[in-house]
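Participant: Here it is, the structure, as structure tokens.
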Amino acid sequence: MEVEGKGGEAGTSTKATRRFALPVDAENKSTTFRLFSVAKPHMRAFHLSWFQFFCCFVSTFAAPPLLPIIRENLNLTATDIGNAGIASVSGSVFARILMGTACDLFGPRLASAALTLSTAPAVYFTAGIKSPIGFIMVRFFAGFSLATFVSTQFWMSSMFSGPVVGSANGIAAGWGNLGGGATQLIMPIVFSLIRGMGATKFTAWRIAFFIPGLFQTLSAFAVLLFGQDLPDGDYWAMHKSGEKEKDDVGKVITHGVSNYRGWITALAYGYCFGVELTIDNIIAEYFFDRFHLKLQTAGIIAASFGLANFFARPGGGIFSDIMARRFGMRGRLWAWWIVQTLGGVLCACLGQISSLTLSIVVMLIFSVFVQAACGLTFGVVPFISRRSLGVISGMTGAGGNVGAVLTQLIFFKGSTYSRETGITLMGVMSIACSLPICLIYFPQWGGMFCGPSSKKVTEEDYYLSEWSPEEKARNLHLASQKFAETSVSERGRATTHPQT
């Protein structure tokens, strides 16, 4: 079924009628999410974005499952391994911030493909490293590719309407993060196949890195060839035709960094996604060393943590949308806080368990909660700012990496703490950093403990406050106005205030 929609953005002089395979809202964003569809442009963007992010995740975390072999070949110390783990997630801190701004200005298609292609050489170069410093450097530069997470969330928020944006963000990011678990299976298998062809173990692990590098490269070309930035077209074409005016980069950044809600989402995300990144780096080695398992056995156990992303993070996004339908934005916030806190409790418990079987069980349950919390986070992020969506997404995504860097620096670098103590303390930090969620307040919808403002602030008041009278006179605010109209769904059925 084709559905007509009105194309156009701020500054449009003519609004062409466009036809879409999915039902759309006033911004031509899809109001439904059909997982098994490849309809252009909405569902095609979904599948391209999660696959590209998946490939980048596989590349970034291709080393940990082979670490027992790599550390023997390169004579890596515990400090070297810790530094490499920190390097793999620290590089994308600034990359994620820049990616948000790049998406706002150039569109998610070009921004993400450019980053993916520019970081692929680091994956290939891993095959030639000969020293600990070389190992740290390639992990650092390969980790930049994790900033494609921001373009994934930006792209989904640009393609899907409020009632389903949490689901779209959750599934796209969850399936992308699945790469962190898949690589724990893929790399040992590739390594074994290459060994079976006659290569020595010190040669086999090097050749194995060409596989993730190749798929990362191919995913970038797929995005460039088949993707589209917005329902109405690509940024460059819309800028050229005058259908979309270029925004003021200074104002985009200012409105983003001055919105305190973005800083809270960054902090909280630092101890859900940051925890996930840390576990991706340490869990295979943890089970290998503590329980004296075989490399492939430890890899399978570690993979089960990341593979939970197939349903856990998407489940968090879907749960966020379900809560919003009944309780509005306040339901999203409560669900996020509860799930993330429970994830922290389970993480703290994991570090105290000495039984292999019980450790695996608790780790699996913990993985569901911590990854669902990530999905719940990005059920809230798209509503913080319409004009500076990319900046807010970048800040939040960077927060995840900052949390991972700090956690690994404090708890897992060197021998200050044992692995089990570090895991317990990481859980405590997760619980503490979820508390500021209660401070997030939207005047038009309320917060966890307070209802909407008594001043009857509307969605239009909130989102149009980012535009000056002069900008409104030039009709630059029209996209924000359309978004305000569709975001009334965040009032929820349980809300009685009319705000009209």
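Glycine too: its Cβ is placed from the backbone N, Cα and C atoms.
TrEMBL feature annotations, pasted as is:
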type     : residues : note
TRANSMEM : 50-69    : transmembrane segment
TRANSMEM : 110-129  : transmembrane segment
TRANSMEM : 136-155  : transmembrane segment
TRANSMEM : 175-194  : transmembrane segment
TRANSMEM : 206-226  : transmembrane segment
TRANSMEM : 295-312  : transmembrane segment
TRANSMEM : 333-354  : transmembrane segment
TRANSMEM : 360-384  : transmembrane segment
TRANSMEM : 391-411  : transmembrane segment
TRANSMEM : 423-442  : transmembrane segment
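Looking at the shown structure, can you explain where the listed features end up?
Facilitator: Long-range Cβ contacts of the transmembrane segment (50-69) within its own chain (Cβ-Cβ under 8 Å, at least 6 residues beyond either end) map to 76, 81, 84-85, 88, 112-113, 116, 119-120, 123, 126, 135, 139, 142-143, 145-146, 148-149, 152, 171-173, 175-180, 182-188, 191, 201-202, 205, 208-209, 212-213, 215-216, 218-220, 222-223, 280-282, 284-285, 288, 295, 299, 302-303.
Here the transmembrane segment (136-155) has Cβ contacts under 8 Å with residues 45, 49-50, 52-53, 56-57, 59-60, 63, 80, 83-85, 87-92, 95-96, 98-100, 102-104, 108-109, 111-112, 115-116, 118-120, 122-123, 125-126, 129, 169, 172-173, 176, 216, 229, 378, 381-382, 389-390, 393-394, 397, 400-401 of the same chain, all six or more residues outside its ends.
Same-chain residues lying 6+ beyond the ends of the transmembrane segment (333-354) with a Cβ under 8 Å from its Cβ atoms: 268, 271-272, 275, 316, 319-320, 323, 327, 362-363, 365-366, 369-370, 372-373, 376-377, 379-380, 419-432, 434, 437-438, 440, 447-448.
If you look at the transmembrane segment (423-442), the same-chain residues 6 or more away from its ends with a CB under 8 A from one of its CBs are 260-261, 264-265, 267-268, 270-272, 275, 278, 286, 329, 333, 336-337, 340-341, 343-352, 370, 373, 380, 383, 403, 407, 410-411, 417, 448-450, 452, 462, 490.
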Participant: I'd like to know if the transmembrane segment (295-312) touches the transmembrane segment (175-194) in this structure, counting it as a touch only when three or more C-beta pairs sit under 8 Å and are separated by 6 or more positions.
Facilitator: yes
Participant: Among the recorded stretches 206-226, 295-312, 391-411, which has the greatest number of Cβ pairs closer than 8 Å to the transmembrane segment (360-384)?
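Facilitator: Answer, by Cβ pair count: 295-312.
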